[in-house]
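These features come from TrEMBL:
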ACT_SITE  His264  active site, tele-phosphohistidine intermediate
ACT_SITE  Glu340  active site, proton donor/acceptor
BINDING   Arg315  substrate binding site
DOMAIN    22-235  domain '6-phosphofructo-2-kinase'
Amino acid sequence: MIRHQQNSPPIVYKNANGKGVQVEETRIAVIMVGLPARGKSLIAQKVVRYLAWLSIPAKCFNVGSYRRNDTPQPTAEFFSKGNSEGERMRHAAAQAAVKDMVKWFDSGEGVVAILDATNSTKARRGWVAERCEANRIQTLFVESKCDNEDIIMANIMEVKTTSPDYTGQDPEDASQDFLNRIREYEKVYETIDEDEKHLTYVKLIDVGRQVIINQIKDYLQSRVVYYLMNLHIRPRSIWLSRVRNLPQHITTSGYPPLIVFLQHGESEYNLSGQIGGDANISERGELYAKALPELVAKSVSPDQKLIIWTSTLKRTNQTARYLASSSKGYDKLEWKALDELDSGVCDGLTYQEIADQYPEDFKARDDDKYNYRYRGGESYRDVVIRLEPIIMELERSENIIIVTHQAVLRCIYAYYMNVPQEQSPWMEVPLHTLIKLTPRAYSTQEERFRANIPAVSTWRGKGSTAKHQ
């Protein structure tokens with residue numbers, strides 16, 4: 001084990017190329033495949049967000065966005081096999097998207113691109129594969145194949161009725177037209193089969209119920225596949241009224257999954273301005289812990305069962321104990337991965353003491369807080385790496401309340417809200433505030449609930465004084 005000495009220079013950790021991967025000339029195109037309303041765009045956006053969180057440059061090229069430049073609100077007839085002009089325009093949109101994708105790779109900015117389209121025929125997939133091969137781009141085809149009516153209908157109502165294709169239209173008419181569009185695609189759709197066994201691909205059956213993998217070639221492709229295998233997109237209850245030819249009610253899981261997270265109650269170290277440690281909560285922190293059951297009850301539907309996750313440190317367990325013992329009967333689980341960022345030799349010091357004893361480190365951390373690693377401790381980048389199993393479990397789970405620490409919360413929040421990594425260490429995460437996140441199709445809805453219990457501020461702005469307020 002290598003230990004850093006107290007008189008060693010400040011450590012700023014970066015990967016070989018600063019992009020979160022060690023492979024030079026990495027160019028991977030993730031090609032989405034599948035009928036409309038199968039969650040392709042949701043999967044594409046999640047993959048981009050996940051890779052960006054790992055500091056791997058990724059970008060989504062949505063063919064529909066290119067098509068809307070010339071045909072902003074087409075009817076289902078536009079997608080008919082017999083509509084030659086519609087076919088020409090759709091192919092032109094695909095060509096424009098692929099051209100921009102290649103240009104993005106050639107600029108040196110990109111590592112992973114996601115081509116978000118139906119790519120529903122073998123001929124179209126062959127054309128995309130040829131274009132990529134000609135430009136030294138590896139391909140990973142991701143087919144979302146789903147016949148579960150609940151999932152399809154939930155997707156139609158939550159996503160497609162708010163799609164730019166139907167802006168300003170009656171939801172009833174929009175839903176019916178989209179169903180007709182799906183039928184047009186079904187007439188020509190060809191699933192990936194044995195004829196395409198030369199391709200590298202992943203088939204997600206019913207959004208993760210079954211996964212088929214073929215010819216995964218390298219580390220980064222395997223990371224994407226690992227993430228896809230952990231996605232479990234659950235539909236929620238949708239009540240439909242006055243929508244022609246649709247079932248009146250789809251029975252699924254009740255409510256969309258949510259993540260509630262909060263920093264531990266104010267601690268004794270918070271009062272003294274010290275960082276790290278394993279301090280107890282303060283008197284006001286204790287009041288906050290007692291108020292938590294009521295605060296959670298105000299923010300969560302009464303029939304939604306939560307599982308509590310805490311770190312292994314005293315201040316999070318003390319904060320969660322009244323919630324865990326409440327009449328709701330919440331289960332509780334400790335995660336070592338949720339422990340606060342390890343501040344190494346600076347553990348237990350105030351920021352002023354760090355500035356006095358390690359002035360070079362104090363400046364280095366201000367200059368690049370995400371990559372700076374405390375001597376004998378961790379960087380924010382290190383925390384992201386150890387949080388990856390937490391993120392995977394969150395993607396598979398529903399209704400979690402996380403009681404943890406400032407740096408850890410910043411990293412988790414950055415994942416869900418797509419905050420650039422260089423900004424995430426500077427976000428303010430106030431004490432005695434509950435943050436509720438509800439993941440949706442293209443974004444995450446955020447709500448905050450503040451307890452009426454004072455607490456010190458643990459936030460320090462970049463370049464600000466180190467003196468504890």
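Residue 1 is the first one shown; counting continues down the chain.
Keep in mind that glycine also has a Cβ here, set from the backbone N, Cα and C atoms.
Just so you know, TrEMBL annotations are computer predictions that nobody has curated.
Because the structure is a prediction, the values reported are computed rather than measured.
Counted within 10 Å of its Cβ, the other Cβ atoms near the residue listed as 'active site, tele-phosphohistidine intermediate' come to 29, all protein chains included. A straight line from the CA of the residue listed as 'active site, proton donor/acceptor' to the CA of His264 (active site, tele-phosphohistidine intermediate) spans 11 Å. Distance from the CA of the residue listed as 'substrate binding site' to the CA of the residue listed as 'active site, tele-phosphohistidine intermediate' is 6 Å. Of all Cβ atoms in the protein chains displayed, 29 besides its own lie within 10 Å of the Cβ of the residue listed as 'substrate binding site'. If you draw a 10 Å sphere around the CB of the residue listed as 'active site, proton donor/acceptor', it holds 24 other CB atoms from the protein chains shown.
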